[in-house]
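S.K.: Quick one: structure below, then a few questions.
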Number of protein chains: 2
Amino acid sequence: MSRVFNFSAGPAALPEAVLKRAGEELLDWHGAGMSVMEMSHRGKEFMSIAVQAEADLRELLAVPDNYKVLFLQGGASSQFGMVPMNLTRDNKKVDYLITGSWSKKAVAEAKRYAEVNLAADTSDSKFTIAPGQNELKLSGDAAYVHYTPNETIHGVEFPYVLETGDVPLVADFSSTILSRPIDVSKYGIIYAGAQKNIGPAGLTIVIVRDDLIGNASDGTPTMFNYATHAKSGSMYNTPPTYGWYLAGLVFKWLKEKGGLSAMAEINQRKAQALYAAIDGSDFYANPVDPSCRSWMNVPFTLADAELDTKFLEGASAAGLKTLKGHRSVGGMRASIYNAMSEEGVQALIDYMAEFERVNG
Amino acid sequence: MSRVFNFSAGPAALPEAVLKRAGEELLDWHGAGMSVMEMSHRGKEFMSIAVQAEADLRELLAVPDNYKVLFLQGGASSQFGMVPMNLTRDNKKVDYLITGSWSKKAVAEAKRYAEVNLAADTSDSKFTIAPGQNELKLSGDAAYVHYTPNETIHGVEFPYVLETGDVPLVADFSSTILSRPIDVSKYGIIYAGAQKNIGPAGLTIVIVRDDLIGNASDGTPTMFNYATHAKSGSMYNTPPTYGWYLAGLVFKWLKEKGGLSAMAEINQRKAQALYAAIDGSDFYANPVDPSCRSWMNVPFTLADAELDTKFLEGASAAGLKTLKGHRSVGGMRASIYNAMSEEGVQALIDYMAEFERVNG
């Protein structure tokens, strides 16, 4: 079979150009006579890869000099613990916003280490809305404010950056990082599992402001302490070298595409086209308020859920894969990260129209 | 350049057959139309890969049914914290053996969570000997006994399995797992970073006896709790899917080679040949007591350390890479894991003889 259009929420499609490059270099990277996977992480070859990847990511996101960029393991789920363990030694009060399944999980872990004030909780809306700035019940004296700019499962996204004054803003950017420019200086910590817009699973990027490093609570495992990794350039122990390398190839690809402003235009077009197809039909529906619909994850339902299986089977036969919605939500979900082309989104729209014509 | 002989201590050489297979499947795994890296970890394709890899590892090591096999992130350095956090809720006394740099690091982390009794410490020997069973000062009532069967940096290896009675034995097998058969039933926990004998960096295998799961201390991060991963088949969150897949290819390769008994014969031959070359010369020396020399990591020095750079440059030119010893020990180190062929070891021996002839 040729390459399919893969709408998986994560691990997700990677740019074909990146995979081809990785394939060409798999047994012999740049004449080194070995794979990147086989290189000592402290050797000059891998160090050059690591340094370049960080430099390209810093350039793409315009990361200010007073932030460290860490290449870690453990996924966002580890950050759910690392954030409170590193930031609440002197102040246990923290503010969290619940706007979907992932922010809810972050709260559950934070409660084990801190006193959580829920500054917002949109459960009653079934997570179809992002709260406005003036609706937030912020403590004002919290150690930090945590939120999830884009909820992967519910497809709901904040259309603005929270204002938290002097209180550090911590954001789980797993499913939206690199989809458009962001102003890093507005955040204390940005973290993201790689397996959506960065690279393969098993790598986690953490961008952390210098003053938030070095304050871990007693009992924080050495590997959970940001200071451990900041001091060692993410090489306290062996990092996930191949994931780091692939992320570097993705960063290069993004630069070649014109950087994050260019990606933002493409991503907005992709999302607008898909939402327009859904809204223009009585057969398909998306429950999220139009003001805060995700550019990355587009859940939708069919008018008759009995047709779900038929829809998925037909899509699969047409090379449109991994469209089943999360089990907690049902229906369909199309994740359209950077690596999903406009052509792929159009193929989905065309399939949806044809399916409606036959079954609607 | 063609493929070199890579003596890196880790990340280390992988079997060329495994890399070739990975290359063939990189853009399209078995007609799925996508890379393994792009697959949802919960989809049937990746699940089949994950299940098969675990089954093959269980077969290779003859893992008893009352043990879980976990595919985690974070490296052995995370296990240094996870072991005490999961095993000392009811008893803070633990026994550790220091026989090299890695066991020393394990002790440093354990001391943050438990009362460490040093049952042995071979620092005075500069880590050139493994203590005998009758020399150990075991507490008898410890929560567990921890040791490092093979020390990667010092090349010292236990020629026997510790007897600890009813006290669970915990072993950091990072640099020797899969080099020969082991009796898993003698251990409470076996853990190993993948980047030596298993696969790429970023995957950590933990084999843990059922009764040692579910006893984590309060404050243990959810991601550091063995129960979290045991209950979810290592899919509480997104696992390092590509590393898991590559490990599975390595397990298949080992089975094709005849399993661990066959590997043990090959590995013993490789080590004997290299040690014989070192011992048969006044120009090269290995400081480790012959009773406990590692099959996997062979440190050696030149009679004149001034020649180290010349030795390394010549080796590199001859396609013999990553032979520089660890900075804490100096000299040379040849790591000869499963993926290093007898041909590669012979090439090193030949180079050493020629270098001695010219410079000795």
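Glycine is treated like the rest: Cβ placed from N, Cα and C.
Computed from a predicted structure; not experimentally measured.
According to TrEMBL, the feature L-glutamate binding site maps to B:Arg42. Among the features that TrEMBL reports, pyridoxal 5'-phosphate binding site is placed at B:Ala76, B:Ser77, B:Trp102, B:Thr152, B:Asp172, B:Gln195, B:Asn237, B:Thr238. Sequence annotations record features per position, and here TrEMBL assigns domain 'Aminotransferase class V' to B:4-348. Here TrEMBL flags B:Lys196 as N6-(pyridoxal phosphate)lysine.
Thinking about packing and proximity, how do these listed features fit into the structure?
M.R.: When secondary structure is read from DSSP and collapsed to three states, B:Arg42 (L-glutamate binding site) falls in the coil class. Cβ neighbours within 10 Å of B:Arg42 (L-glutamate binding site), excluding its own Cβ and spanning all shown chains: 14.
The DSSP secondary structure for B:Trp102 (pyridoxal 5'-phosphate binding site) is helix. Note: B:Trp102 (pyridoxal 5'-phosphate binding site) has non-local neighbours B:Ala76, B:Thr148, B:Glu151, B:Thr152, B:Ile153, B:Asp172, B:Ser174, i.e. same-chain residues 6+ apart with C-beta under 8 A of its own C-beta.
On the 0 to 100 pLDDT scale, the model's mean across the domain 'Aminotransferase class V' (B:4-348) is 97.
Counting only residues at least six positions away in the same chain, the Cβ atoms of B:Ala9, B:Gly10, B:Pro11, B:Ala12, B:Thr152, B:Ser174, B:Ser175, B:Ile177, B:Met296, B:Ser335, B:Tyr337 sit under 8 Å from the Cβ of B:Lys196 (N6-(pyridoxal phosphate)lysine). In the three-state DSSP scheme, B:Lys196 (N6-(pyridoxal phosphate)lysine) is classed as coil.
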S.K.: Using Cβ atoms and a cut-off of under 8 Å, determine which of the recorded positions B:Ser77, B:Trp102, B:Gln195, B:Lys196, B:Asn237 neighbour chain A, and list them by sequence position, or give 'none'.
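M.R.: Listed in sequence order, the recorded positions near chain A are B:Ser77, B:Gln195, B:Asn237.
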S.K.: Can you tell which of B:Thr152, B:Gln195, B:Thr238 has the most other C-beta atoms within 10 Å, given these are the binding-site residues?
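M.R.: Buried the deepest by this measure is B:Gln195.
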S.K.: Looking only at B:Ala76, B:Ser77, B:Asp172, B:Asn237, which of these binding-site residues has the biggest number of Cβ atoms within 10 Å around its Cβ?
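M.R.: Max Cβ neighbours within 10 Å, all protein chains included: B:Asp172.
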S.K.: Determine, to the nearest whole angstrom, how far the Cα atom of B:Arg42 (L-glutamate binding site) is from the Cα atom of B:Gln195 (pyridoxal 5'-phosphate binding site).
M.R.: 25
